[in-house]
């Protein structure tokens, strides 16, 4: 296959931190002598007690991952305190509100005071090292303060995206046994108010029925909206922050002390609590941010991700601040008040590096070029893509229309579990191909493997595995190490299985082809099909449900549901809409059923297993070759499913 290659622009090549020769040299060193390589690069953060041990990892047996295990440091200290002498007056955080007329600029000195005050409030309310703190906030500066305050005192934060339902919030509270929640009365997004506190109150009631009791709720006042209040449990942040001390010593944290738990969808339905620890994570977040974005002092860097996702953790908060960068946080959406908002912000704040998701790119591409062309965007130097594979058409539009043909696009592949970038171009070292994540980052050893476990060489396609550890790797699933082993290390023994399919071309470039397990990637958000199916069958009208993904021009993947109703229940448009609302209520606003097909029966094997492979083909409108259907118990079911498919506008 021949793809157009975009060479490295001269202006990038001239000033890049990493060129092609350095990439090759460092990569070989990182693979051949990882101990030495990571010993050297572990010095990118400051240590209270230096490490003498670097790498102690095994992907076999009980699976154990430790990096810098005898070192002592603190994440908040590295993200704030160490910059104060030389960068105290530098802008650390630019906040752009949902309202285009609202913004704030916070220096490193001011960030230090905000975080110390926040940390002291937590301590005054009994939060201590090792406690779990749930954060349910929209994109306001206090969300970053909360994360950094937890890191400062050694509390473990669990940030939940402020779009998840009370049921989803409760599940996460119960799983990590969190008794302290930080939220706001309301949030603002896209000109709409989101009732955060109401969702938290409901979640607390659900958690209590499962014997997990939330003792304290800190509430940030974002709007003047009404609020339900529980005396003795709830307290206002603004009432305490004004008379709290502006100094709080950073807790001495062992390198392997937990930093945060972040929940991601699992194929069994129950979300997985991905656990990241202190030092290895920060070293990797800092290093990938610096070299992938070729970050130079003084640049304005904007990652549009929400703090509820790993991208917001690694590349909005921890990575940039560890590198003394100026990071921009945006409260709103790309389409409010109109489709030009992103580009107006780029001009307003003179953004140099812009990192967003293919879903946003496709939506804005669909809105037409006029919204882009009314802005200048001359400050832009680099563009980035994250969350899902970017299709070549969107890549080309991003490059030519947004980047004016001169901004390299950093198409980054990584996961919640990996902590940071795994396959990515480096601006000064990597010629680009539209739609390819290109080459592995330092220390990342990739293998493509077939279904039988054979390693495939050269130009090929198969399942993507990683054969050795890296510092940013998750350590376990919270309270479920056995599930951690089974999920990631049992498919191919001694290897981390990513769950993604991958193609390697003749130039050694990698192309991610999508999930090979039962996880959907909807607008860059991972949703488990089992989780959606469980939500559907919890409705009294639903007997059985199967959920698959299908190609969606904006979201990348859409959610297609096949539903069998209870005896005596007839399909109707009213029920169709009710089921859409029901799933949103159970999981959250990101789980919108795009296609609902009522079916008298689902295709099953003789042992009763639903043949999702066939349903995927039908959902993709690709039913001419359904493959082997000899194991179907009732083959005639297929004809009905094809005749009543809901996706006729899709071309195969």
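Placed from the backbone N, Cα and C atoms, the Cβ positions cover glycine too.
Feature annotation from Swiss-Prot assigns CoA binding site to 189, 190, 191, 192, 311, 523, 584. Under the DSSP three-state reduction, residue 192 (CoA binding site) is assigned to strand.
Per Swiss-Prot, the feature ATP binding site maps to 387, 388, 389, 411, 412, 413, 414, 415, 416, 500, 515, 526; the stated evidence is sequence analysis. Of all Cβ atoms in the protein chains displayed, 19 besides its own lie within 10 Å of the Cβ of residue 515 (ATP binding site).
All protein chains shown were included, and the count of other CB atoms within 10 Å of the CB of residue 539 (Mg(2+) binding site) stands at 19. Per Swiss-Prot, the feature Mg(2+) binding site maps to 537, 539, 542; the stated evidence is sequence analysis.
Annotated N6-acetyllysine per Swiss-Prot: 609, in sequence order, evidence recorded as sequence analysis.
Of all the Cβ atoms in the protein chains shown, 25 others lie within 10 Å of the Cβ of residue 414 (ATP binding site). Rounded to the nearest whole angstrom, the C-alpha distance between residue 389 (ATP binding site) and residue 539 (Mg(2+) binding site) is 33. The local packing around residue 523 (CoA binding site), expressed as other Cβ atoms within 10 Å of its Cβ over all shown chains, amounts to 21. Reported as a whole number, the C-alpha separation between residue 542 (Mg(2+) binding site) and residue 311 (CoA binding site) equals 36 Å.
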